[in-house]
Amino acid sequence: MSYCRQEGKDKIIFVTKEDHETPSSAELIADDPNDPFEEQGLILPNGDINWNCPCLGGMASGPCGEQFKSAFSCFHYSQEEIKGSDCLDQFRAMQECMQKYPELYPQEDDEDELEKEKQNKDEESSVTQSSDTKEESSS
């Protein structure tokens with residue numbers, strides 16, 4: 001016996017083997033590209049950039065959002081042979097802005113450095129503890 005159960009936002013449908021053997025009669029409805037509530041990708045059907053795309057990770061908002069939009073737009077619409085080579089000023093402005101907010105825009109080098117420092121402290125701590133243990137056992 002097949003049935004459906006709602007759990008919060010999820011709808012769970014239990015079906016039998018017989019249900020799977022019967023061809024589906026469901027009709028698919030084509031997505032409306034003009035539906036403002038329909039999730040879109042990075043590039044909208046009209047070719048514009050979708051600044052609300054979760055794939056941008058919020059970069060289009062925040063203190064450097066305008067600089068990001070300027071640099072990203074320049075790159076996206078660039079017609080240069082080396083795409084984006086005409087956007088250096090915009091990317092430089094974005095980078096300068098991001099350096100003003102290191103807590104919001106950590107650089108990979110900074111993250112690597114912090115991780116290495118943490119590992120070094122952990123290693124120093126374990127070396128100190130093991131040498132203390134050796135001194136106690138030898139006395």
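Quick reminder: no glycine exception, Cβ is built from N, Cα and C everywhere.
Among Cys53, Cys55, Cys64, the one Swiss-Prot lists as the disulfide partner of Cys97 is Cys64. Here Cys87 (disulfide bond) comes close to Ala71, Cys74, Phe75, Ser78: these same-chain residues lie at least six apart in sequence, with C-beta atoms under 8 angstroms from its C-beta. Cβ neighbours of Cys97 (disulfide bond) (same chain, under 8 Å, six or more residues apart in sequence): Pro63, Cys64, Gln67. Cβ atoms under 8 Å from those of the domain 'CHCH' (61-105) belong to residues 49, 51 of the same chain, restricted to positions at least 6 beyond its ends. Secondary structure at Cys55 (disulfide bond), taken from DSSP and collapsed to helix, strand or coil, is helix. Counting every protein chain shown, the number of other Cβ atoms lying within 10 Å of the Cβ of Cys64 (disulfide bond) is 23.
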